[in-house]
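Beneath this line is the structure, given in structure tokens, with notes to follow.
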Amino acid sequence: MALSYRVSELQSTIPEHILQSTFVHVISSNWSGLQTESIPEEMKQIVEEQGNKLHWAALLILMVIIPTIGGNTLVILAVSLEKKLQYATNYFLMSLAVADLLVGLFVMPIALLTIMFEAMWPLPLVLCPAWLFLDVLFSTASIMHLCAISVDRYIAIKKPIQANQYNSRATAFIKITVVWLISIGIAIPVPIKGIETDVDNPNNITCVLTKERFGDFMLFGSLAAFFTPLAIMIVTYFLTIHALQKKAYLVKNKPPQRLTWLTVSTVFQRDETPCSSPEKVAMLDGSRKDKALPNSGDETLMRRTSTIGKKSVQTISNEQRASKVLGIVFFLFLLMWCPFFITNITLVLCDSCNQTTLQMLLEIFVWIGYVSSGVNPLVYTLFNKTFRDAFGRYITCNYRATKSVKTLRKRSSKIYFRNPMAENSKFFKKHGIRNGINPAMYQSPMRLRSSTIQSSSIILLDTLLLTENEGDKTEEQVSYV
């Protein structure tokens, strides 16, 4: 009969680290005293305990792991497939989504296994330091991406012209590479030191960073991976708010402008003849007395151009809304990661504190930090209509964007050059197409001298969007409307 087996015989067939779990411990400690009539009662209690663990595991899978994997996959697909989303800033978001996706794929499931086995490592020993390394790496990379996005946005608002000049795809990839290298540098001490094992029971380990072996890493790693990015995010957030308030004031109090011919060498430069003069485009600038546009149709032109100031105000409003989103991300960042890193520091510095309680709190708070990997794509993308539309199509397995004729007409623009040779500029044709401007619509004012400029031929360039006076220096941002 099954009841005649001795405990020692049963234990010899079970690995040592599995015997330490509550499930086997309850069986082995009560096996000798079990009677046939008491088996259902004992087994019922064990089944209930394991059932509760399974319920918690299912809850974590449904509420945390699956949304993290699904949401970040949608972000990666959107940036990869949508042409409108393929610019430098969104490459940061895609890299952030990659880091968060890897947390959901490789870190969370194994962390869930450790919960099921009551902190005992259920996998081969060699995988323990590798998993801890990936845990620190991907979580740190997620935090570093948030910090980099915050700094990048502040620079784009404070110095728009300079930021646009260095905001290429190659530059974005360099920045992303630096973020990942910093994250690797912070996490690399974990596999180098390795996990200390018990000599008597080498298979009986808990795969956690202990104070005795990783005390210095836990302290300085927390400073580098969290508190330093936190300080940077706080400073850049308030600087961003200040810069937006200043620009909103400048736009609101800007005097009326007049339409003039103005040479702008920083926007369009001919690449065919090095010695040729820069093209001249019609722009808004009341501070210079260049030759004005023909008087014919002035009233119609000014009615059309009066909307440009409104678009400037609208752009400021959009940036303020984006900064509010940044504030939400900043708040969630504090809410989800502060408890873990504060407890981590306390565990190292406080010798009189209950180490068992702090370790238990760490196991809880780390899952709150994991939740941020699922929240990041929601906060950053659900406020963006292009992302929302893409997500809706991807969920229904439709991976092609549809563009209406009305939308295409709204995006078409006509830009008139005073220099007829400007129409042949390879630079302008290349970048015009990239910005949604049809080269077939280019017309030269030299051809239109004998004709009246129609109201439909208005120049849609707003150079007074973000104008700052810093001493004697004036900066103008040129943007397509």
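In case you wondered, yes, glycine gets a Cβ from its N, Cα and C as well.
Quantities reported herein were computed from a predicted structural model and do not represent experimental measurements.
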Which one, L60, L62, L209, is listed by Swiss-Prot in the same ergotamine site as D135, T140?
L209
Which residue, chosen from N30, N384, is annotated N-linked glycosylation site in Swiss-Prot?
N30
Mind checking which of C207, C275 has the disulfide with C128 in Swiss-Prot?
C207
Per the topological domain annotation in Swiss-Prot, are I205 and I395 located on the same side of the membrane?
no
Do at least three CB pairs under 8 A connect the transmembrane segment (361-382) and the transmembrane segment (57-79), leaving out pairs fewer than 6 apart in sequence?
yes
Using a threshold of three or more Cβ pairs below 8 Å, and leaving out pairs closer than 6 in sequence, do the transmembrane segment (361-382) and the transmembrane segment (217-239) count as in contact?
no
Binding residues D135, T140, L209 (ergotamine) - maximum C-alpha distance in whole Å
16
Of all the recorded positions here, L209, C397, which one's CB has the most other CB atoms within 10 A?
L209
Take the Cβ of D135 (ergotamine binding site) and count every other Cβ within 10 Å, whichever protein chain it belongs to.
22
Close in space but at least six residues away in sequence, with Cβ under 8 Å from that of T140 (ergotamine binding site), the same-chain residues are I182, S183, I186, A187, A225
Residues outside the transmembrane segment (361-382) whose C-beta sits under 8 Å from one of its C-beta atoms, at least 6 past its ends, are 60, 64, 67-68, 71-72, 74-75, 78, 93, 96-97, 99-100, 103-104, 107-108, 111, 115, 119, 139, 142, 146, 325, 328-329, 332-333, 336-337, 339-340, 343-344, 347, 388, 391
Would you list, in sequence order, the residues of this chain other than D135, T140, L209 that have their CB within 8 A of the centroid of the site's CB atoms, where the site is the one recorded for ergotamine?
L132, F133, V136, L137, S139, A187, V190, G221
